[in-house]
Each structure stands twice: as structure tokens, then as C-alpha cells.
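Student: There's a structure below that I have some questions on.
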Amino acid sequence: MVQGGSSISIRKKNFCIIAHIDHGKSTLADRFIQKAKIISDRDFKSQMLDSMDIERERGITIKSQAVTITYKSNDGDFYELNFVDTPGHVDFSYEVSRAISSCEGALLLIDASQGIQAQTVSNFYMAFEHDLEIIPVINKIDLPNANVDFVKKQIKNDLGLNEEIAISISAKNGIGIDDLLEAICKYVPSPRGSIKDPLRALIFDSHYDSYRGVVVHFRIFEGQIKMGDKIRLMHTNSEHLIEEIGIFKISLERKDTLEAGDVGYFIAGIKNISDVKIGDTVTLCDFPALSPLEGFKEVKPVVFSSVYPVDANQYDDLLKAMDRLKLNDASLTFEKDSSSALGHGFKCGFLGLLHLEVIQERIEREFNLNVILTSPSVRYKIIPKKGESYFIETPEQFPGNEAIESVLEPYIKANIIVPTEFLGNIMSVCLLKRGVQTNLIYLDTKRVELIYKMPLSEILFDFYDKIKSVSRGYASFDYELLDYEYTDLVRLDILVNGDRVDALSQLVFKDSARTKAIGICKKLKDEIARQQFRIAIQGAIGSNVIARETISPVRKDVTAKCYGGDITRKRKLLEKQKEGKKRMKMVGNVEIPQSAFLAVLKSNDN
């Protein structure tokens, strides 16, 4: 937040709504929109700011969405409220951090029936570190098991906030919304900065319009911008002419001028997607700022998977889709990749498994492309016997065991908050996932916080679902990355008739390699069609075969035309068939159907 200068307007307030997943952020945003009457009742629908079908179907927010409303307070003043509805899932915490960077205040939403959860704490610290004014909001007070007094104690004891200013609401029923709006006007600081200073505005998001090019979302900290201005993006040093500026009111609303404190958008005929970088600073060409604003901390992907088009002819379409998604999702990384089995595609980096699933669904829905994703993995560190250490993300990059001194894998610090009655269940799950308990804190008589150190690879697939299952849905989970630690990792290769299938190779923990290999071999046996020769499916670590399945050959009745007669005639035909099968086995390539690859990938998810 820019300090110094005078308040631009006492009637402008910028804030975001942050909370643990499913605590009611989008529902509260809906009530604000209805209160401001910026959309007719006929056009209104729930989750108004969740524009993607996948968000509505899953009931989650994936993209932060900004909107501007006007509110008349009890003192008669009109306030322009710019607010951002943010995601709650840990995979999209980068979206939350960008929203926080463009605000002066935050509404910390807490479910009255569940209390403070892991992501509540994580988002609180993020807002606290950015020096935001935090207003605690207790939601869902209409629920039969709501306990407002207990949650107020948590706000005081766990977060150190003043529980007296906490606002109790029911976003679903519209209870307490007026009190909350009054608190926003009272407690959230007005933005600071002078409109006389050179323009400095922070790009916090963007999306692509097929007709007008890139639509840039930005927050102005100093100066002003108007139609026809020539701007410079300070990071890429590219210059553009402003064609349209405006604010977000569900749809885009044009304005002639925007000034310090405003959150809005601009369109400048930018067709080259690479010209726009999230975190870049916008300034004017004829009155430039001397230095850019502090951008966003570059986020690093933690989960890696390769994406391939089912139809190889759609590679160029997939490239365009990835470029468009990257514009709208700065946390997505990708580079070109190829596989002998799956063709040309892209090696992608994601923030988590939900992020991966969302990107896959967006590719298929928004761009009408069918794609295959390889088994997700993390980034491992290789220390060779000779030379410097390096990182790998795919099994193909894994060198032979004879060349490796040691392997390191990324570890996380897992924070799990759970009712005390489910403590034993959670500890059992963490133990199975190679977790090491580092702390156990009783938050009160009913809740305990468990802190574990565990490998990132162990939480990729089913960890979140398992802790939810064994706690009847009450456990909450958040994590942060730690450093790398030594591990006993091996590359599991799958061989079909002695030939390694690159697309099926996996990096696995040595103790679980045999179980994994047996499962894959059985899956392939069910999926690969029988041939006229025997097919051997093997799981191997280096030259050691640890699992095997055999597909028996189809037997063609070559003696069918022999009606009676000499038995030696039949024997000759059978011997000839036997020799033919030997030759066929030597030169025959086994065709592995796409369904087999999908079956193996699906088994990894389970």
C-alpha cells in the first residue's frame, strides 16, 4: 500500500473477502450486489461473481473477482466500495495474495458452526502481513448449531483480534448486512495517494476478449488515467494507446477517467499476450513514474503433469488454449514436451491437484479440446556422483541408479485443525503418509491443532479426502512448503514385451514400488487386446523385474480344414504355426490403446 500524500476521497473503500473454503464468501458478495441494486432481480443468480460453469457446479470460487458498488451510509454520505471475492481453497492462495495487495481492508469470514479453520488462520496472516485493517465477520448465525460466543473467543484467543468489533451475519438470509456495510465504511481506511503524482498502477489480473484483445485489471495507487492516454508497461517496456477504461459492475462499465484509489480495467488493443505480466506497473509515457511498484512474489508450481491432445492435429489449438489460460492464471506454467506414446504436448506446473483438475476442465469446456494428463508428480532434487545437483519433474529425466549419489524430495509443514474426538484417526492417516508429528496444540477443550512434516508427494492424491472422511468432514487442512530432504526414490518402468513404455514410467517411494507395479500390470492386462502371440507386461526397477502379468495368445485353429487323415499333417500345421508365432513375437509391436493409459492414470488417482 502506498503511503504518503493526502487521502483522495473519504468515500472510497477497497476491501477483500477472505475465509476458509465454504464459509460463505460468494454468498456474502451476492448480498452486497443485491443491496446495491446494480442488477435486476430478474437477472440475479446465486454465486453472481463466479462466472465459470465449473465454479457453479463445484460450489467453489477459483478466480478472484472485483466489483464496485455504491452505498449510502447512515450518516448520509455515499461510499464507493470496491471489493474482491476470493477463493478459499489452499491451491488458489496466490489469487488471495493478489487481491490483498490491491486493498486496504479485509473481511475475515468465519463459519459460526465450524469456527476458525486452517485456511482462516493462513488468510489472516496474509492480510496481517500486508497491514490490512481486518474486520472479523461471523457468518451462518442462522444455523441450529451456530455458537457465536464460542467463535468470538476464538477470534480473541487464536487471532488476537478485538472480538467486540466482530459483526454477526447470515449472508444466506441477509441478516446483519447493513451493520457490516456500516463497519466497512467506519473501519476500512481510505486509499492514499495523490492524483497529481505520475501514474503508478498495479496489474493484478487480466483476461482475453476475442474482439478487443487483452482486458487488463488494475489498481491505481498514484496519479490518474483517461481515454486516449499513451501508457507504458514498465516490466515489458511496451507502449500502448488507451482505447477504453472503466470499472467492474458485474459487467464492464466505461468511464472517462480513473484516479488514485480506483480499481478498474483498461483496453489498449493488446493482442500479444506476452506483453502483459501480472504484477507489472502501468505508467504514462509523457509523465512517467521513476520507479515501479513492488510486484507480486513469483509463485512456484509444486505439482507437475504433461498435457497432450487426444487428437494430434489439435496441438496448435492446445497451444492457443494454454496461452489464453496463462493470461488469466499467472500461476500456470508450461513448456513444450513430447512423448513417443502420446505425441506432442506440454509439461505443465500447477499449484496443487485441484488447480490441475480445474485447468483440465477449462481446456475441455472453454476450448472444446479433449486432452490426456500424465500422472502428477513433484519436483525432485538429484545429487549425482559427478557434477552439480539439478532438479527433475518427470520420470524420463531420472538418471540410472548407478549415476546417483542421493535423491531429495520436497517436504511440507501440514497444519490440521480437528475436533479432539477424531485425533487418533487423523494421526493414523498422517502416519500412513510418512508424516512426522512436530507439534500438537490444544486450542480449547474441543479442538486440537496437529502440525506434521511430510513429503509433498504424499498429499497429492487422496490426503485431503481421507482426513475429511475419517473426521466426518470436520478436519481442516493447510500447508506450506519446507525444504528438501533425502528420500529413497526409484523409477518404476513398465515394459511390454521387453520394450519400455515411457508414458507409463513413474517415480515412486521404494517401499511402495512393488504394490504400484502389480496394480499397473493388472490394469494393462485388462486393457490390452490379445494377440496371436504371448504378451509379457512387466514392472521393473532398473534391470530387476518386480511384477509381471502375461496375456495369453489367441489360438487360431489351423487344423480346421483337415478332415480325418494322417495325424502327421496336423502336426506339421501346428509346428508351422508355432514357428510363425515365434517370428511374430520377435517383430510384432504391441499396440497399447489410449484407454490403457487412461486406466493407469485413473488408478493413480485412486
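Sequential numbering from 1, following the chain as shown.
Using the three backbone atoms N, Cα and C, a Cβ is placed for every residue, glycine included.
Feature annotation from Swiss-Prot assigns GTP binding site to Asp22, His23, Gly24, Lys25, Ser26, Thr27, Asn139, Lys140, Ile141, Asp142; the stated evidence is sequence analysis. Annotation source Swiss-Prot lists domain 'tr-type G' at 10-192.
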Student: Among the binding-site residues listed here, Ser26, Asn139, which has the most company in the form of other Cβ atoms within 10 Å of its Cβ?
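Tutor: Buried the deepest by this measure is Asn139.
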Student: Just counting, how many other CB atoms are there within 10 A of the CB of Asp22 (GTP binding site)?
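Tutor: I get 15 for this one.
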Student: State the three-class DSSP label for Ile141 (GTP binding site), counting H, G and I as helix, E and B as strand, and everything else as coil.
Tutor: coil
Student: So the record assigns Asp22, His23, Gly24, Lys25, Ser26, Thr27, Asn139, Lys140, Ile141, Asp142 to GTP. If I measure every Cα pair among those residues, what is the longest distance in angstrom, as a whole number?
Tutor: 17
Student: On the 0 to 100 scale, where does the mean pLDDT of the domain 'tr-type G' (10-192) fall?
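Tutor: A mean pLDDT of 79 is what the predicted model shows over the domain 'tr-type G' (10-192).
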Student: Just how many other Cβ atoms lie inside 10 Å of the Cβ on Ile141 (GTP binding site)?
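Tutor: The Cβ of Ile141 (GTP binding site) has 20 Cβ neighbours within 10 Å.
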Student: Could you tally the C-beta atoms, other than its own, that fall within 10 angstroms of the C-beta of Gly24 (GTP binding site)?
Tutor: 24
Student: Using DSSP with the three-state reduction, classify Asp22 (GTP binding site) as helix, strand or coil.
Tutor: coil
